[in-house]
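Copied over from TrEMBL, here are the features:
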DOMAIN    81-156  domain 'Beta-mannosidase-like galactose-binding'
DOMAIN    187-290  domain 'Glycoside hydrolase family 2 immunoglobulin-like beta-sandwich'
DOMAIN    297-499  domain 'Glycoside hydrolase family 2 catalytic'
DOMAIN    608-662  domain 'DUF4982'
DOMAIN    675-775  domain 'Glycoside hydrolase family 2'
SIGNAL    1-20  signal peptide
Amino acid sequence: MKPTLSALFAALLSCITSLAARTITPLDAEWAFFQGDAPGAEKPDFDASSWQKTDVPHDWSIAGNFSQSAPATGSGGWLPTGVAWYRKEIKPPAGSGGQRMWIEFDGVMANSDVWLNDKLLGHRPSGYVSFRYDVTEHLRQDGANVLVVRADTSAQPASRWYAGGGIYRHVRLVAAHPVHVAPWGVYVTTPEVSKESATVEIRTSLANTSEKSGEIILQSSLVGPDGKTLGNTESHTTLGPGKEIALTQKLQVSSPKLWNLDSPHLHTLVTRVTAGGVDLDEVRTPFGIRKAEFRSDTGFWLNGRNLKLKGVALHHDGGAVGAAVPLGVWRRRLETLRGLGVNSIRTAHNPVAPEFLDLCDQMGFLVMDEFFDCWTKGKNKQDYHLHFKEWSHRDLRDGILRDRNHPSIILYSVGNEIHDTPKPDLAKPILRGLVDICHELDPSRAVTQALFRSNVSGDYKNGLADMLDVIGTNYRDKELLEAWKDKAGRKIVGTEQGHERATWLACRDNPQHSGQFLWVGIDYLGESRSWPLTVFNAGLLDRAGFIQPRGEERRSWWSDEPMVRIFRRIGVTAATPADPGYEALEWQRRQVLFPDWTPSNREPHDEEVEIYSNADEVEVFLNDKSLGKKSTRKDGGPLNWKVSYQPGTLKAIASKNGREAATDQLRTAGKVVKIELLPDRNTLGTSFDDVSNIEVRLLDENGIVVPNAENLVTFNLTGPGRIIGVDSGNVVSTEPFQANRRKAYQGRALAIVRATGTGKITVAAGSEGLDGKSIEINPER
């Protein structure tokens, strides 16, 4: 009997059958690093013995000193830029001869060149895109392999915000069978979703880099959130040498567990490739079963539920850790934002780290995935506009392919405040090309753009806005709502808004308005117009992740949990500047709201008290004496009392439906005498992402935070760990982040600790004249 084609194919591959399983080898550890140019450093025999040892992700810029003469200027946070080199010896997985191998970089800032064994693998200008290089022909099975990366941020100014520098995201080596699932080759959608059933549609790209054709079997298994298999399907096909094909399959799920905000259930698609009974490849793809849609008359819907996008824009830095951000830092920040009622994130204005999107999937945040801050008309002399024509389609394709299985992503944005749009003959063909790529690679998601002064550029009238699935506009909500009225069927969303109450009311009170994304969710490094301001300070949270007064106001509008918060007001709030049309003087704002009852003037005087609440009624007490009740306002405005100052306790009791629902109080602080340490985690693993964020509070003898305390706090760590960053949220501090000391600001500071091994870590904090404090962090079991 003649052997079958699949049997012959399997026999051909029998010599590497044992290598069938895909292996992924992290390349994050033990790099040699040099900041500065080093001609010839790409050569394998280059002497790098004097270089610094480091692991990646690594942002070298954040370890530098602030300087008023920094080439990146205040836009880059006054931090250093330049050339950096990385070298690492790598080995292929044992027995991987004959496999296809590639190296994946999640992000290198910026203008990266990569060599392996003196072979230039390629160049990528953008520091935000993820990319890979096939190294099958260049990776030696025996002997040393030297991987070299040069990253260059020396051409400045290149960014309107702090970008970081170096290999600031993860790196890995992938080895796969010559017949394998193509990189980013699994695409999962859920075109039909109800409580009773769901259709899961799978499109899988398969590659054959061998020299023979053969019959293969594609098996897809659906695993539920509980780990149980919910269904299987398989397809048979013949795959020719050097060919890539795409197969479509479907699975039905009964009573599916849906991905939503409150219960973000994640499923896993297990993809297997076999031939003649031999397993060739396996890939696991997390995804969520959900239905997201925008409607012209009622805005955004998720799984049949109409809801407002209560969003914030976030840049990619993590404050004291710069651009190389552990997930433990992001998790703390996102949990705090969730507590304020935030349900959506705009990734301003470029692709974020893939694990950030994983975290949004896991936590139940909705995401507007944004790709470009400029097209052919730049905002800085050295920014991406120099590369847009050559690289934008490739960068966008790579971004969509990487991100399209994340259930959190509901919207793609192909541009922010693009300066090409005043010339529609230039802008419209560009936009058409970008939208077409999105629709080609992921027709399941809508595409928008953060339009820039649309009435001025004529976007609503000249057809450009209607090239978008959802029309997005920055700030000008009145114009956006008028544009919706002007043409039937338009779907609208506020892609960027200030913190003013009128902006929220325009969204809240118009059902067709899908939602808004505030500028900004968290203070971020850069975009400063004056020294020594180091951040854009308009966040709901400050750079250290502490809630600012505007965050509590937002909680009163966005959160469903009963709340009340008290502040002292000492002046009128300056309007939040509308980027980029603000004047420099608007950045000389002073703080006017304080969460304390400790004014500098302790003599009898009147204090303006401002209260935010989402309850029905609030009663205020000073030292147990009622100062009266007030009903909360339908427009969400604050409640104000003029209070004759007395030291003691100012208390607010909020009532809903006649019953106490929430309370808050401020107590007069005395002299600072001691330190309190509050870690968000008392146990740690040893991964890059495992950190403990330790809040430092300076207290009086009664345990009250002393709001004017600015003592220098020194940290001492013993055990297998290190302090990777310190901060206080002070926007004009130019103290280094990577240090063991920090001046407190408004009675608080922050230290971020990572474990470097297994064992107990002790962190002690002290300050001259104060009682110190220490805590223990134990290894994760």
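Every residue gets a Cβ built from N, Cα and C, even glycine.
Note that this is a predicted model, so its numbers are computed, not measured.
Across the domain 'Glycoside hydrolase family 2' (675-775), mean pLDDT in this model comes to 97. Helix, strand and coil counts under DSSP for the domain 'Glycoside hydrolase family 2' (675-775) come to 0 helix, 53 strand, 48 coil. Here the domain 'DUF4982' (608-662) has, by DSSP, the following mix of helix, strand and coil residues: 0 helix, 37 strand, 18 coil.
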